[in-house]
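**Q** Not my notes, these are from Swiss-Prot:
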BINDING   GLY10, ALA11, GLY12, LYS13, GLY14, THR15, ARG127, MET178  ATP binding site
BINDING   THR31, ARG36, GLY57, LEU58, VAL59, GLY85, PHE86, PRO87, ARG88, GLN92, ARG139, ARG150  AMP binding site
REGION    30-59  region 'NMP'
REGION    126-142  region 'LID'
Amino acid sequence: MRLILLGPPGAGKGTQAQRLVHHYGIIQLSTGDMLRAAVAAGTPVGLKAKDIMASGGLVPDDVVIGIISDRLEQADAKDGFILDGFPRTVPQAEALDILLQSKNLALDAVIELRVDESALLQRVENRVAETTARGEQVRADDNPEVLSQRLASYRALTEPLIRYYSERGRLLTVDGMMAIDDVTRDIRRVLRRSGVPMSKFGVRRW
């Protein structure tokens, strides 16, 4: 089972990714973690990334793809994975498809957690009001203005990506505004219905 999970800030991607990992016996591949591991290990692409970051530059897509390629060769990735933080753009999605094809692999599904942005913002505003009323310090990430900017950025980047995967028949959409357990159940339901192959280890309870 090879998956991508898409969703805006506040949609609960982290929670659902961990539940997928546990339930299906696959691994979560975070581009940030893979990048740091490659740099620490001193791999060729890791050293290239290190030089770029040391000069203050952004790591280009081809280097990230190289790091993902190396990671997919490791034994624990053979039975499936969920990609976290990549792709974010259509060119990255195209590069990922080419990489997977070169390894005789393919994505099984791209799960989009669809949310009501105004409801997300209202949740944050309510949380800020409740925290302030208790005389407690508001968390740095509980900032409606910052969240609004992040949502706009996500929407601009991701809408073309969602179209890309929808046109290729890989997109599965789940209502991310439901309770956490209901979202989890719906993800499993759409995966079963779409015929996505399960991990060879089967499924587990959470």
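Cβ from N, Cα, C; glycine included.
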**Q** Most Cβ neighbours within 10 Å: which of the binding-site residues GLY14, GLY57 is it?
**A** GLY14
**Q** Per 10 Å Cβ neighbour count, which of the binding-site residues ALA11, VAL59, MET178 ranks highest?
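**A** Answer returned by the neighbour count: ALA11.
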**Q** Tell me, if you would, which residue among THR15, THR31 (binding-site residues) has the fewest other CB atoms within 10 Å in the structure shown?
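**A** Counting other Cβ atoms within 10 Å of each of the binding-site residues THR15, THR31 gives the minimum at THR15.
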**Q** Ten-angstrom check, please: count other Cβ atoms within 10 Å of the Cβ of ARG88 (AMP binding site), all chains counted.
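**A** So the number of other Cβ atoms within 10 Å of ARG88 (AMP binding site) is 15.
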**Q** What is the maximum Cα to Cα distance, in Å and rounded to a whole number, among the residues GLY10, ALA11, GLY12, LYS13, GLY14, THR15, ARG127, MET178 annotated as binding ATP?
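**A** The widest Cα-Cα gap among those binding residues is 20 Å.
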**Q** Fewest neighbouring Cβ atoms within 10 Å: which of the binding-site residues LYS13, ARG127, ARG139?
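**A** It is ARG139 that, of the binding-site residues LYS13, ARG127, ARG139, has the fewest other Cβ atoms within 10 Å.
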